[in-house]
Amino acid sequence: MTPGSRSACRWALLLLAVLWPQQRAAGSGIFQLRLQEFANERGMLANGRPCEPGCRTFFRICLKHYQATFSEGPCTFGNVSTPVLGTNSFVIRDKNSGSGRNPLQLPFNFTWPGTFSLNIQAWHTPGDDLRPETSPGNSLISQIIIQGSLAVGKNWKSDEQNNTLTRLRYSYRVVCSDNYYGDSCSRLCKKRDDHFGHYECQPDGSLSCLPGWTGKYCDQPICLSGCHEQNGYCSKPDECNCRPGWQGPLCNECIPHNGCRHGTCTIPWQCACDEGWGGLFCDQDLNYCTHHSPCKNGSTCSNSGPRGYTCTCLPGYTGEHCELELSKCASNPCRNGGSCKDHENSYHCLCPPGYYGQHCEHSTLTCADSPCFNGGSCRERNQGASYACECPPNFTGSNCEKKVDRCTSNPCANGGQCLNRGPSRTCRCRPGFTGTHCELHISDCARSPCAHGGTCHDLENGPVCTCPAGFSGRRCEVRITNDACASGPCFNGATCYTGLSPNNFVCNCPYGFVGSRCEFPVGLPPSFPWVAVSLGVGLVVLLVLLVMVAVAVRQLRLRRPDDDSREAMNNLSDFQKDNLIPAAQLKNTNQKKELEVDCGLDKSNCGKLQNHTLDYNLAPGFLGRGSTPGKYPHSDKSLGEKVPLRLHSEKPACRISAICSPRDSMYQSVCLISEERNECVIATEV
């Protein structure tokens, strides 16, 4: 058996097993009769005779469909006999097995109708106790007939029947066979606990699912409480198995993309980055300052791209991370040439002669002493007790003795070098940084370090190049010589590139050349198919000539009868031409007539008059132009008068003479025939 047929059989069995518990069966049940006591005090038979030595009694039971009047016939619902149960009067005990079983069982295999007829007969046998019904000489003691209705149920219905000789006490009921339920024992249900279903049967035959199962046929397990309906499933109760892409005890957590570092997902295989992270796998730190706090001593950290940052140091600190503490005297706090002495937590200024104060800021000189240097202007104050110098640009100090150094505030970030340019300053940045203060990080790939079309990747330790086929080296600067391009397979100055394998190459052709090796020029147009075009044109011309010849032949054939008629007309005498009948006085009758015409010796002057559909009644009385009265004796007859003509079949006594003309313009081709009885003249269109 093929795998397909085995699968089909498996599904067929599954369908049969699922539908089997609910099918409507024919029914199956048992009519039970319990005999309790029989009394025959006198030991008499039904015929009035006594039993000798006593009535050895057995019973015959016949169960059949309901009959208003019980009649003899087959026991349609079943029958049963008992062994000898006693003599004359006796009590019948219940017995569940062996001979003499009580209650008596009458099984049936149909839907219980609810009504019945029951015949109970008591018999006396002189023969065998175990099979008395087969013994000869059995005699009837008594019989009772019960007709009525009985519903299926476990309760017994008791009754007692008495007559003049006997008394019988009994009870009966109808119960369904195993696996059959309902009011008529027609509902089949078999409890089961397997992969086809997990249920028990209710008293009415309906299914009652076992704990943990649900569905019409109790074949669907109840999953763990809270298990996601779409993302989880179960094959047995209290279980939660996750579908691909989901995880967690309740299958409500999606699985992110493999390699996702700092991201989450809302659908499987997604990587949505957390705040401060970027990249395909959320592994690029966009908020390095927050995650790592690289700046020390209270300095301010500023993010400048993936893994990039800048530390702005507080006064007294320096370094890339502001990790270096400056000397207290580094800011030159002492003025007017005072010397600074650095202590652990402070400093001290040693003032030169003529100055005093914490920073030597006070002078004992006056403007008269010309204390201002480098062109500074002195201004008296405090009533001559002190002075102030107004310094020119690029100089500072209480006496304008210091040249302004614009780099003292360390304005250049990321280790940049500050250059003092007089009234301004510039920052010389380290490689990888730019900006006025070297605050911007430059991608290592911005300089396009990869040669020959290599792809640059900006990594933490520097750029990395992915080289195209045919090149290698850190910057893709080395051409691989052991490849298909080494032999120079490309022509006409084309550039050769190694393919994906060493034996493959691709030629990049210059303008004007094509082909796998650029060996074909494209300047010349392809040759025109003159032979094919010429042959096609010749066939068309030949066909046109044949058509023209056929048309000409047809025209010649059509014109030949007209030429013959014109020739005959030209041969007529003037008298014959003048006596032609105009076409306006002829009428076509659409009747076929056959005339016998005598055309004399000149047969060309008369056309055939046979089979022409003409009205021969308009010619009489016509007098042609130039004709003489009396030449035609009957010419004075009315045009409307109809004179019958003799047809060929009438065998006229005369022969008809006709004059024919094919004139095209004023006259039609006609034959003029005399209307006289003997001459039979008539005009007809030819």
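Glycine is no exception: its Cβ is also placed from the backbone N, Cα and C atoms.
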Feature N-linked glycosylation site, as given in Swiss-Prot - residue among ASN109, ASN611: ASN109
Cysteine from CYS273, CYS289 that Swiss-Prot links to CYS282 by a disulfide bond: CYS273
Cross-link partner of CYS301 (disulfide, per Swiss-Prot) out of CYS289, CYS313: CYS289
Which candidate, of ASN162, ASN297, Swiss-Prot gives the annotation N-linked glycosylation site: ASN162
Swiss-Prot annotation, disulfide partner of CYS218 among CYS209, CYS223: CYS209
Listed as N-linked glycosylation site by Swiss-Prot, one of ASN79, ASN571: ASN79
Disulphide partner cysteine [Swiss-Prot] for CYS412, chosen from CYS391, CYS427, CYS429: CYS427
CYS367 (disulfide bond) versus disulfide-bonded residues CYS223, CYS227, CYS234 - nearest by Cα: CYS227
Same-chain residues at least 6 beyond the ends of the domain 'EGF-like 3' (285-323) whose Cβ lies under 8 Å from its Cβ atoms: 275-279, 330-331, 410, 413-415, 439-441, 460
Proximal residue to CYS378 (disulfide bond) among disulfide-bonded residues CYS445, CYS450, CYS509 (C-alpha distance): CYS445
Spatial neighbour of CYS351 (disulfide bond) that is closest, considering only the disulfide-bonded residues CYS329, CYS334, CYS412, CYS427, CYS485 and their CA atoms: CYS334
Nearest of the recorded positions (ASN79, ASN162, CYS223, CYS240, CYS412) to CYS289 (disulfide bond), judged by Cα-Cα distance: CYS412
Rounded Cα-Cα span from CYS240 (disulfide bond) to CYS456 (disulfide bond), Å: 48
Tertiary neighbours of CYS412 (disulfide bond) (same chain, Cβ under 8 Å, six or more apart): CYS418, CYS427, ARG428, CYS429, HIS437, CYS438
